[in-house]
């Protein structure tokens, strides 16, 4: 990553598209002043809401403005000067047609179908360039956008000083060179510094006030401005403190009806607005390009800023105060990052064009566009109009690929109670609260706080185990979410949190790369990552610009990291024992006795602190389902109780209970639609739950398990028993055969022999009940159940020929 704006002399930035007339290492003092150096906020700023799609309400005043009879027209390279909006035009438009409130038109809530009206689509004329308020804007430009809707545009301009005040003398001189601090981004005159500087030094430069703070001294004497002097903040300071927005212009158009100019903005985010917050590797001027778009009026655009890639950013030492770095894109929906694909600037002038999809809502033929007097006088030809509306060479992301317009009747459809219940009971839906696990969550919270609150933070490990579907992972994530809020409030010391799921790793060794990326933000190979992590946790060396903060490492599916020599688990669990590691490890697995199955040197580090999540009983399952359905009247209480008791008797898996209730809601919805009965007055009854249970527990694969031979049932029971013992979904034929031999010997059954067992395993593989490797591997053949172990237990638990199978299920 490119280094920050180090030791640069700031240069005055004119509000044009590209910086011109710049002086090398000199600057006629541009923007930024305040008593304290500008700092980015320490707390996360809420993400932009849907109200951002509505532009600021412009105060046009009450005095009428006389319009000239005829306006002059200029046309240079398809650059058009928009006319000023006046009160007369707005009043005339209101008298002709009732305007829709922007807050209503952009509301994310689907209106009732009876309230919707079919309105004619607004006609638009698109441009590549527009001159607005004596400033030229073009597709692909980066601009500042007002964030406060009720802000006065005149005040905004007055608060944007063209020449920045010095942080020491609080004066602005047009003939004095200034230098910027790489830590606080404050500007200083060279002769105001102590000792004064004769020229701008090379490399990073930090002001004397930041040096005192970094040295650990609490008493820092910061100069105060003279009495009566008004301190004004620059656009850069407002953006980094979340008082302004930055955006990239994707489209430019004018509404033909009212003559208002609009832009399609693609938003930038500062690191504080992402889910991870500001990390140690983030630069002061770093922004993220998001996949969040909005349509706003040109009145909300203030002026240009300049967002550059790392290569250009490293050469922008003298390009002014409005230069920022963007190296990564940020997905606001998934909270993920990826590198920005750098597009060549010359693509727009190339002969090859992008064949973009025609958009129904914006493309119109020449006959449909009714040009006003200004356009008719200009006599724009069809070829020129097409050139102005095309987006030649502009392709910023794949946000519209594969999209299909949703019919109006679907948008206007109001969800019934059953439809709301089906959406709420989905496993992907995050619950508002987590019932029945308050005791476990309190224990996890106390463990983490005790590990990170002490100044002498020593590493600790906690092993969390329990059968699947008992809320282990979601409980830990809920605790971390609550601790994050306490960190923002200042009641808990800051920490670094890294979450890893073992099933998402290509190999156990890749966990080193994931941990290193979570700490440094860079992705390297696992060998180099292991070396750096050993230096970090064993020797106490920093990774990059890392702060001295504890690290909390959450590893889900910990048993996946078990290798032949168990070196991966040993390294991870050995790091917390080092004096300067400040590492807290939370391991989650399904097996209770996993530490006892590992090497003694690993179990001694892992098995000290344990927390067990037992299966849910029927009352807890009933409370979980009722909490999900709070405010939705779709189920009878007896139906919820019936589903809870049925699942609690088999496995106590909350996910299975939610799936049964969701399927019961689908059955009830189908039944009501088939009988033409209003769904508003009907609820899910016990019969619907019974149908869902029959579908789930009497599926074809369960019927096959019930009908297999006696030895096949013993073979499946041995696989389930082996799964419960080891916690590993995958096992070998050798282990299963040993378990079958032990089960047969204990219960007086004759052991069939290895060859017969191998044939039974292959037969179950042909039925797809078991996933297995080719039989030629014999004893080394790997086996795995193709269905949940609960289904096997349900199919074989009540077997009359072999009643003792229930003891192993």
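From the backbone N, Cα and C atoms, a Cβ is placed for every residue, glycine too.
Here's what Swiss-Prot has on this protein:
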BINDING   166, 169, 189, 192  Zn(2+) 2 binding site
BINDING   466, 467, 468, 469, 470, 471, 472, 473, 474, 557, 590, 655  ATP binding site
BINDING   556, 557  Mg(2+) binding site
COMPBIAS  1-47  compositional bias 'Low complexity'
DOMAIN    223-341  domain 'BAH'
REGION    1-69  region 'Disordered'
REGION    160-185  region 'Histone H3 binding'
REGION    201-205  region 'Histone H3 binding'
REGION    316-321  region 'Histone H3 binding'
REGION    431-799  region 'Necessary and sufficient for ORC complex assembly'
ZN_FING   163-213  zinc finger
Message: Between residue 474 (ATP binding site) and residue 192 (Zn(2+) 2 binding site), how many Å separate their Cα atoms?
response: 56
- prompt: Across the listed ATP-binding residues, 466, 467, 468, 469, 470, 471, 472, 473, 474, 557, 590, 655, what is the farthest Cα to Cα distance, given in whole Å?
  reply: 17
Query: Which is it, of 470, 590: the one of these binding-site residues whose Cβ has the most other Cβ atoms within 10 Å?
result: 470
Statement: Quick note, residue 557 (Mg(2+) binding site) and residue 192 (Zn(2+) 2 binding site): C-alpha atoms separated, nearest Å, by 59
Message: I want to verify one value. Collapsing DSSP to three states, which class is residue 189 (Zn(2+) 2 binding site)?
response: strand
- prompt: How many helix, strand and coil residues does the domain 'BAH' (223-341) contain under DSSP?
  reply: 16 helix, 54 strand, 49 coil
Message: Considering Cα atoms only, can you say which of 166, 192, 556 is the nearest neighbour of residue 466 (ATP binding site) among these binding-site residues?
response: 556
Query: Which number gives the other C-beta atoms within 10 angstroms of the C-beta of residue 468 (ATP binding site), all protein chains shown included?
result: 16
Task: Check the Cα-Cα distances from residue 556 (Mg(2+) binding site) to the binding-site residues 166, 169, 189, 590 and tell me which is shortest.
output: 590
Query: Considering only the binding-site residues 470, 472, 590, which residue has the minimal Cα-Cα separation from residue 189 (Zn(2+) 2 binding site)?
result: 472
Between residue 470 (ATP binding site) and residue 192 (Zn(2+) 2 binding site): CA-CA distance (Å): 65
Message: Is it possible to get the count of other C-beta atoms within 10 angstroms of the C-beta of residue 189 (Zn(2+) 2 binding site)?
response: 21
